[in-house]
Every structure is written in structure tokens, then in C-alpha cells.
Amino acid sequence: MGSIAESSPLMSRENVEGIRKAQRAEGTATVMAIGTAHPPHIFPQDTYADFYFRATNSEHKVELKKKFDRICKKTMIGKRYFNYDEEFLKKYPNITSFDEPSLNDRQDICVPGVPALGKEAALKAIEEWGQPLSKITHLVFCTSCGVDMPSADFQLAKLLGLNTNVNKYCVYMQGCYAGGTVLRYAKDLAENNRGSRVLVVCAELTIIGLRGPNESHLDNAIGNSLFGDGAAALIVGADPIVGIEKPIFEIVCAKQTVIPDSEDVIHLHLREAGLMFYMSKDSPETISNNVEGCLVDIFKSVGMTPPADWNSLFWIPHPGGRAILDEVEARLKLRPEKFRATRHVLWEYGNMVSACVLYILDEMRNKSAADGLGTYGEGLEWGVLLGFGPGMTVETILLHSLPPV
């Protein structure tokens with residue numbers, strides 16, 4: 001009598017290959033819906049220094065306040081949204097100090113707050129998608145705060161009432177490049193699981209790193225001038241149902257690159273006093289010196305010749321700050337309007353870490369449709385999304401934009 005492997009057709013190589021092919025989608029992963037959400041408390045940037053120094057009991061630091069105010073006014077941010085106001089912060093003097101132990105209180109705020117904000121964005125994306133929750137097969141949740149077990153993906157699935165057999169993935173503590181990371185994950189999941197529909201959610205709360213000003217640590221002051229709270233969600237899937245699902249962008253290729261010898265350019269450390277932020281003045285130059293290589297690499301990896309003029313693409317770079325955008329724009333010889341969507345989101349919301357590039361996707365598709373352009377990508381077919389963050393890590397996503405329907 002032969003072995004099971006010899007006699008069973010289920011164990012044949014041909015059968016395994018057939019199963020593999022049957023599990024794969026036919027087409028490319030597409031973004032089918034986008035939703036965004038932010039907390040209710042609005043803080044105009046031109047008066048943020050007054051609020052910040054008052055809320056942190058630091059008004060006696062007159063010269064430091066003047067310096068911080070100048071920093072705020074150079075950011076090209078108009079306003080930001082937070083899940084706290086001054087009255088709320090008065091309950092937590094350990095958070096508004098510079099380095100008092102405060103992680104427990106920060107965690108108590110972030111652990112429930114992050115999935116709750118993510119739920120708001122997810123519901124908007126699901127409503128636009130128009131399909132029942134039961135069609136969601138995978139969940140990718142991303143945040144840089146509220147580390148806990150069960151993790152934020154579990155909590156969000158429970159809040160939404162997703163099926164208990166949804167495949168969940170949690171992306172913790174990746175920082176500002178992670179909006180690109182989740183698109184890379186979603187592409188792989190959608191294309192390797194036929195019929196799958198991936199709910200992608202990024203949610204960020206800045207209270208994990210909020211702290212009072214300190215003359216010897218201006219990096220944190222810069223962080224406090226840039227970051228805002230927000231959440232964004234996508235539905236990603238391949239082979240959209242014609243007439244029912246409405247694809248916006250195709251995720252053609254996704255690649256991650258670590259810039260050599262750049263680990264100290266941007267780094268953050270979670271400590272008893274919360275998330276400590278460190279950023280070198282060299283960060284804009286480090287990114288701009290390496291971004292073109294990432295772009296050339298992704299085009300060549302799919303057998304395409306990189307464009308002779310980068311202005312022929314639509315652009316969704318992460319708005320790490322005004323200086324980073326200015327340097328990248330100059331290095332690639334881009335016209336000022338190419339970063340319109342990114343600069344608009346930076347002005348309206350600040351730097352929302354991983355959620356930012358998803359907000360920019362939403363802004364670009366909405367403006368393109370409102371202007372009657374031929375594609376959601378400002379009338380252009382091809383574009384790139386760029387995530388920059390600690391490491392230094394660059395996520396490069398090649399997108400193909402589709403016409404509005």
C-alpha cells in the first residue's frame with residue numbers, strides 16, 4: 001500500500017499549484033473608498049503658543065515662548081485638531097510637565113481613544129464603499145500610540161462588529177512613513193487572497209508625546225508645533241465588482257527603503273515620560289538627497305522607464321514639515337502646484353503621522369472630481385505616494401489613477 005502522499009490527489013504538486021492560483025486575485029489592488037475623522041477641538045496655529053505655554057504652566061518662560069511662536073508661524077500650518085483642550089490637560093500636570101512619569105495616564109487616554117477615532121474614519125469609508133461589514137476579510141490597523149494587548153486592531157474589530165474570522169494585522173510604532181506601509185500590506189493581502197476586502201485604518205493621538213517646553217530640548221518643541229490628531233481609513237481590494245464598487249487608485253507597486261547611516265536623523269523613544277521626539281536639522285537634506293533614487297528604483301522594478309520630467313506625475317508626499325517639502329520639491333524640480341494637495345492637508349490639519357498621506361489621497365480625489373478632471377490624480381494617470389519617517393525609512397508607492405465614475 002502506498003503512502004498517503006503517493007495516493008491522495010490532494011497532495012499532488014499539480015493540486016497544490018492549482019490551489020495557489022485559485023487563491024490569487026486576477027487584478028491589481030485598488031483603493032475603493034476613503035474616510036477621515038478628527039477630534040473636535042480646533043487650535044489655530046497663530047495662537048497655539050499662547051495655549052501651549054498657558055496649558056503647560058510655562059508662561060514665565062517668555063523668551064522660549066517667543067521662539068516657539070516663531071517656529072509655529074513658519075510651519076505653514078493653519079490649524080490642528082486634538083482630542084484634548086485646556087480644561088482636560090489641567091487634570092494631568094504630569095503630562096504637561098517636561099519629563100515627569102506620565103506613561104500610565106497617556107496610555108489610559110490613548111488605548112481607548114485610538115480605536116474610537118479609527119472607528120469614525122472606518123465607518124465613513126465603509127459607507128462610501130456601500131457593502132456590508134461581512135464582506136470585510138482583513139483589517140490592518142496602524143498607530144504610534146496606545147500599545148496594548150489585545151491590540152488596537154482587536155478593539156476596532158469589536159467596536160465595528162466585524163466577523164470574528166477577520167484576519168487582523170496591527171502596525172505599531174512605525175511613525176510618519178507608516179501611511180505607505182499600510183498600503184504595501186494592503187496590496188499584498190488583496191492580491192494574494194481572491195475576493196478579499198481589506199479595511200485599512202490609521203489613527204494617531206499626539207498626547208502620547210505632548211509635554212511642556214524645555215530650553216535644552218527644542219526637538220520636542222518642534223514636534224509640538226507640527227503634529228495633530230487624526231484618523232483615516234481605506235477599503236482596498238482587487239477585481240472590483242463592476243457597477244457596485246468604484247475604484248479610485250490602483251496600487252501598482254510598493255517598496256520600502258532604509259537610507260544608510262541615517263538612524264539618528266529622526267528617532268523617538270517611549271519612556272515613563274511619554275514619547276520623546278528627536279529630529280536632526282539634517283532631515284530635509286537627508287530625505288531630498290535620497291528620494292530620487294527611490295523613485296527611479298520603483299519605476300525600474302516594474303519595467304517602466306522613469307519619467308524625464310517628474311512633473312508628469314501626481315504627487316502625494318508625507319508632509320513631515322515645510323522644510324522637507326521645500327527640499328524635495330526643489331531637488332525634483334517640481335512646479336509649486338505639484339504639492340498642492342499635501343500642502344493643503346498640512347495647512348488644514350498639521351502632520352497627522354501615518355494618517356497624513358491617506359488624507360492627501362482623499363483631498364486629491366475630491367478636488368480632481370470637483371474640478372471635472374479626467375482622473376482622480378489631478379487628471380494624470382501615474383503618480384507616487386511617499387512616506388518618510390524614523391530609520392530613515394522611505395515608503396514609495398506607485399499609483400495609477402482611474403477616471404471618476
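Yeah, the Cβs are placed from backbone N, Cα and C, and that goes for glycine too.
According to Swiss-Prot, the compositional bias 'Polar residues' annotation covers 1-10. Residues annotated as region 'Disordered' in Swiss-Prot: 1-22. Taken from Swiss-Prot, the feature active site covers Cys176, and the record attributes it to similarity to another entry. According to Swiss-Prot, the site 'Determines the polyketide chain length and product specificity' annotation covers Gly209. What Swiss-Prot records for Ser283, Gly320, Gly321, Arg322, Ala323 is CoA binding site, and it gives similarity to another entry as the kind of evidence.
Ranking the recorded positions Gly209, Gly320, Gly321 by other CB atoms within 10 A of the CB puts Gly209 at the bottom. Taking the recorded positions Cys176, Ala323 in turn, the residue surrounded by the fewest other Cβ atoms inside 10 Å of its Cβ turns out to be Ala323. On its own chain, Arg322 (CoA binding site) has Lys74, Thr75, Met76, Leu346 as residues at least 6 apart in sequence with a Cβ closer than 8 Å to its own Cβ. Closest in space to Cys176 (active site), of the recorded positions given as Gly209, Gly320, Ala323, is Gly320, taking the CA atom of each residue. The DSSP secondary structure for Arg322 (CoA binding site) is helix. All protein chains shown were included, and the count of other CB atoms within 10 Å of the CB of Ser283 (CoA binding site) stands at 19. Taking the mean position of the Cβ atoms of Ser283, Gly320, Gly321, Arg322, Ala323 as the CoA site, the remaining same-chain residues with a Cβ inside 8 Å of that point are Leu226, Pro284, Pro319, Ile324, Leu325, Asp326, Glu327. The residue listed as 'active site' carries a helical DSSP state (H, G or I).
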